[in-house]
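Copied over from TrEMBL, here are the features:
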- B:954-970: compositional bias 'Low complexity' (COMPBIAS)
- B:330-424: domain 'Fibronectin type-III' (DOMAIN)
- B:429-524: domain 'Fibronectin type-III' (DOMAIN)
- B:621-733: domain 'Fibronectin type-III' (DOMAIN)
- B:954-977: region 'Disordered' (REGION)
- B:1-27: signal peptide (SIGNAL)
- B:737-758: transmembrane segment (TRANSMEM)
Amino acid sequence: MKVLAAGVVPLLLVLHWKHGAGSPLPITPVNATCATRHPCHSNLMNQIKNQLTQLNSSAKALFILYYTAQGEPFPNNLDKLCSPNVTDFPPFHANGTERARLVELYRIIAYLGASLGNITRDQKVLNPSAHSLHSKLNATADVMRGLLSNVLCRLCSKYHVAHVDVAYGPDTSGKDVFQKKKLGCQLLGKYKQVIAVVAQAF
Amino acid sequence: MALFAVFQTTFLLALLPLRTYESEVLSEPLLLTPESLKVSVNSTRQRLHLQWTVHSLAYHQELKMVFQIQISRFKTSNVIWVENYRTTVKRNRVLHWSWESKLPLECAAHFIRMRSMVDDARIPKPGFWSNWSSWEEADAQNSLGHDPLLVFPKDKLVEEGSNVTICYVSRIHRDNISCYLEGVQIYGEQLDRSVSAFELKNVSFIRKRGTNVFCKVDQGGALGGIVLFVSKVLEEPKDFSCETQDLKTLTCTWDPGSDTGLSKQPSQSYTLFESFSGKKTLCKHRNWCNWQVAQDSQETYNFTLVAENYLRKRSVSILFNLTQRVHPMTPYNLFPKNVGATNATMTWKVHSIGNNSTLLCQLELLAEGKVIQQHNVSIKVNGEYLLSELEPDTEYVARVRCAYTNHFWKWSELISQKFNTAEAAPSEAPDVWRNMKMVSGHPTVSLFWKPLSKVHANGKILFYNVIVENLDKPSRLEVLSIPAPTRSTELTLDQCSYQIHVTAHNSVGPSPASVIVISGDPGNEEVESGRVNGTEDGFSVSWKPQSGDATGYVVEWCDGPQDLPCALQWKNLGPNTTSTVISSGAFRPGVRYNFRIYEISAKRMAHLLEKKAGYLEELAPSDNPQVVMSNLTSHSFTLSWKDYSTESQPGFIQGYHVYLKPKAGEQCPPAFEKTVLPEDSLCCKHTIDNPEQKTFVVENLQPESVYEFFVTAYTSVGEGPLDAFTKITTLDEYSHILIRIILPMIFCVLIVMIICYLKHQWLKEKCYPDIPDPYKSSVLSLIKSKENPHLTIMNINDCVPDAIEVINKPEGSKIQFLGTRKSLTETEFTKPAYIYLLPTEKNYSGPGPCICFENFTYNQAASDFASCGHFPVTPQAPPHQLGPLTSPENLLKALEQNYMNSLGEIPAGEANLNYVSQLASSTSGDKDSLPTNPPEPALCSEYKMQMVIPLGLASAPPSENSSLSSTTLLGQGEHYR
């Protein structure tokens, strides 16, 4: 039963991933053959580059929108509250092989996607009237979902990578409101920083 | 025996504890120490929970005890709370007590201990406190994590108006930590080396998403914060009531008041509880809830509405009988039926309530928004009512509402329906008036009528019929049909009397006729005009009745100013009326309104009684008269402004002011008085108090003085605007005399000039003929008187001018007009050739002695061209006199000088002739033909043509190659003549 809970449920969660997915999940079972449900796009790398560019271009605005919506002291204490010191953030090496970079990108986007889900969920409660922020968070999450799918397709079709271990950020549901705001701000600051490097690398 | 011993022992053993108890309870103080004290922390609620037991109690024993609890903060010696807790204690029963800390428990360690004392009436001796339990520590700081600066309480939810204590725990032990609420620094109290607390009193609601409270180490240190949620105070539901529309469902409604929802707390919930049935339901809406009526015929209900949020619970109850809370549903299908001109039947339906229930329905009829009829009808399902006494062609609104008959609780909602009654024939004759005037010798009547009011029209007026009946001679009736909304027509009549009937028609029929009689003889309707005063309410017009048989009066006026087309207005008045107030929204201040009062005779003829004119409010004249000045003399002038109309002014003109500004220092003329103008200048003013006097003679003025005048009209309100003054200068005192002399003189001179012009030939012959008459020459008389009294004048018959001397000048000869004397003498002289042209006498046989006549009165420059070769030029003539003759002055001088020279140098004896002609100076281009020798007596007489040549021409030098001859000069002379 535990095996079922640890394997099948997370798998289902990933396949129908929404905000706030749980613990690290395998993309495919370890022994499963690498196969995609639909043929990959012929110009997949360009798609990935465009999506990264899109994310990079909107990351700063999202960051500003976020910390503005949190009220004081966030806008005037970014260094203390929104510094991108996220300890468990997946690493990225821009000088690696394409395969390695794609794998790292996959981990980053999976991490960011889950964190964005948490942030979106929290902000809908904490700032119910910040509609533009909600809209931008949702749009970013949508692009990330597409990017994750494309990276997976690329890894699978070209490099036959069927399994990538991913990690997710801490669940903020038990944190106090101020801490939720702070963690969200740090995550978005980190995202803004990382996505610029990643977009440049591709 | 053994059994007895055992029994005895057992009995003794049983007594032993009893005795022990008695000794403990009755004789010695009973000390029961609390045991197993445990302390737990609820950080969210900031409460310390204590639980303990009292083991020392006997089995089934119950005692009332008091527990004294001490709470210390930071250290055991810092006791912050002492409380005695009384309760009944049983053996092994776990006791609970909790305490809420104002300070968040995370900010400080708390220590708790207690002791107890029996407080039971069954224990007669005064109690003694037991020993204190050991201190128990409640420390919530262990799980705080490693953040350098922590602020508490996290996500605190409080009600508006309450007090909150916020604290921070600093692990960096710095003093420069400041805390802020909504950007404003807050100040607190340092409790410990690393803990400070801030008490926020009477906190207010800021926003639903909470307020950030944060503390930070100054100059770039750590920052910690919390979000404080301040909820509005939950209000008790207001206006809670329940009712049913169908006795099946109860609907309870209330006013929920403020929403207390926050990010941290959902909006308050409402629960409906019925005590008799014991049922309850959670309401889905904030302000209403449905309750299904039980089928067991429960009649009485006791509802309690409970409002609840995280912080508070509020409730309100009502008790009622179901049948007394029936609020029927809105009636439906309300329609008019059989709508006539004055009645209509309304029908409607209602929803049935239970079985055989009766509803009381209220039918209201509204016209123009006001209820004019109200009827109550009891019905079960279908309602019907006949509405009567309605007005034709009127829009009505019928509305119905119903209530439960058994017990009135509330009217249902209203249902409304509009309907229009049918038309009926107009009920009143139109109000007609006329205006008579003569057009091309025929009396022309303009008929006016007012549209019927809605009450009397009874429908849409389609047309008006005008029937003209000749009263003096029988004739056919003339019928005119005039479509609405025309409100006037014009009739051309003859000198007969006519009766005119006017009727208004709608789709149903005609109105009663309005009759007016027009007399063929308008008669003399000139009456005197009076004045009428205007007030805020209008014009109060009154009149004197003339005859006793008047059937009424009509006051007629025009709504607009006189210069605009007249919008004829009239007002009909009864026979006993002698005054009325004419009011109109069109009346304006400063406009003259003329009123005519007519008396209507029994024959329905109108006779003009009076005329009135008035202003609603008189104003000062808006413009001044155009003044014409005349009859200016040295002492007076006349001003007139006869074109100034007093009728078209914004007030009754009462007169005029004539302003006169005399020259500085001069007194005002008589009849003028000094006044000061608005611009503070002194002026003379004369007032004319007769508005019809439009001329004024300003007298007693100084001659040759400048005056300024200005004329303005005035009304009762004031005078016209101050315009520019007109300047005028009085005449010189003698100028008129001079004019009387100079003008005739100028006239005479003109006459003489005209005569001279017309008779110039005659004058010329008489005064300065071309050929002077020697006999008339004064020269001769001069000569005679001075020198030679024997000189005579040659008779013209003695000289036969039968030859013309032609001077033949050879080409190439140079004519030096302005040369030196030497050049003159050196010029080669060509002898003239003489040609015989006109023998005038038969006995003339040949050339005779020739005499040359010269006229000195002529310009030498011209005459030089034709000068005689025998001209006696004196060699003594200074050469310089020859040159500057080009100028007219020099020429005249030369003329004079030569003339005198000639007179002096020609000796009488040397000449063959006694006649001395006028001699011109020989300075012309003809000089080259002059002989250098002194003149010798000529053999023939030569006539030199007399020419009038302008001086300018005379000075013009001839060209070098011009040949000079008599014929040539003659031609030139003709040319210039």
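Keep in mind that glycine also has a Cβ here, set from the backbone N, Cα and C atoms.
Note: TrEMBL annotation is automatic and uncurated.
Secondary structure of the domain 'Fibronectin type-III' (B:621-733), assigned with DSSP and counted as helix (H, G, I), strand (E, B) and coil, comes to 0 helix, 43 strand, 70 coil. Helix, strand and coil counts under DSSP for the domain 'Fibronectin type-III' (B:330-424) come to 0 helix, 53 strand, 42 coil.
When averaged over the domain 'Fibronectin type-III' (B:330-424), pLDDT in the model lands at 92. Counted with DSSP, the domain 'Fibronectin type-III' (B:429-524) comes out as 4 helix, 49 strand, 43 coil.
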